[in-house]
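Chemist: There's a structure below that I have some questions on.
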């Protein structure tokens with residue numbers, strides 16, 4: 001054997017100090033096996049997360065509607081985010097630009113309450129262009145439907161908040177659908193009111209009463225089916241800050257004195273119903289959806305008070321509401337040309353709450369006057385509201401016996 005071979009053989013033999021005992025070798029081998037198992041387990045968990053997808057399990061009831069879903073197992077798919085174009089609509093929005101006009105509250109932080117209201121305003125989106133999604137619909141159909149819902153609310157002495165919740169549910173639901181047939185509008189409208197009444201009213205009308213006011217057009221089963229469709233489409237987000245909620249807040253903040261009692265109304269009921277009537281008329285026009293509810297309410301308040309009151313009550317500057325104030329001018333002219341609305345007395349409704357009960361007047365005729373004025377303001381011909389085929393609920397004396 002050569003000297004070189006002897007050196008290589010000696011080098012490959014373990015030195016006495018480097019020799020491992022059998023116990024140490026077993027421990028090292030167990031650690032290696034555990035590490036390998038942990039890595040394999042983590043890979044299996046990641047793979048398992050990617051092995052499921054959502055699939056519709058029921059056929060959609062409406063064209064373009066949202067149906068219930070199930071989670072099913074699928075082959076492994078790698079999830080990547082290579083295309084960021086779909087995130088362009090999600091931009092940071094500064095909600096602190098409007099300081100809180102709320103006074104100190106005994107039951108919470110006024111800044112947090114105000115910020116939560118602004119967040120809701122941004123989350124609950126509405127758009128006047130939703131009729132683009134529905135080729136069979138015309139703007140006056142929405143006006144006729146909402147006018148009918150106003151009348152139903154008065155017949156059953158429902159609160160203004162109930163109507164405005166129903167209006168919000170209807171408008172947001174229509175944004176989630178496509179090509180809704182005009183024959184479905186009454187069902188969607190009365191179901192929206194049914195949902196709103198269960199949220200807002202202490203003694204809400206029964207299901208059969210909502211079916212009754214449609215004069216046989218909608219059955220109880222139809223309303224229940226549509227209720228689930230609407231709730232699913234809205235993702236159960238049913239707590240918007242409505243127009244009438246903003247009006248209550250603004251008038252209350254303006255009326256507060258040195259010792260505020262925020263929980264009890266401090267403002268004039270007469271002032272409230274005058275502005276509420278203007279807002280009732282405005283919301284019938286589909287163009288009102290171009291503005292946030294807060295802006296719309298502040299503009300109405302400005303027409304009946306002053307910009308100083310608006311700044312104090314809402315924290316909004318003139319630049320924020322000027323466009324809406326100008327848009328509202330024809331509505332104000334029509335409202336002020338009619339007899340002033342008066343407080344009504346309702347059975348079983350306390351005097352201090354009567355201004356909160358929704359009332360109805362000949363809003364469609366008033367809206368037609370607004371359209372006539374806008375014809376000259378905008379220099380273009382606007383189609384008037386059609387009075388034909390208006391859905392009319394029964395009179396109070398014609399409600400089903402034993403119902404309320």
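Every residue, even glycine, has its Cβ placed from backbone N, Cα and C.
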Chemist: Pick from 111, 120, 261, 348: which does Swiss-Prot describe as N6-lactoyllysine?
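Modeler: Per Swiss-Prot, the residue annotated as N6-lactoyllysine is 348.
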Chemist: So which range, 1-44, 45-88, gets flagged region 'Disordered' in Swiss-Prot?
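Modeler: Range annotated as region 'Disordered' by Swiss-Prot: 1-44.
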Chemist: Tally every other Cβ atom lying within 10 Å of the Cβ atom of residue 348 (N6-lactoyllysine).
Modeler: 7
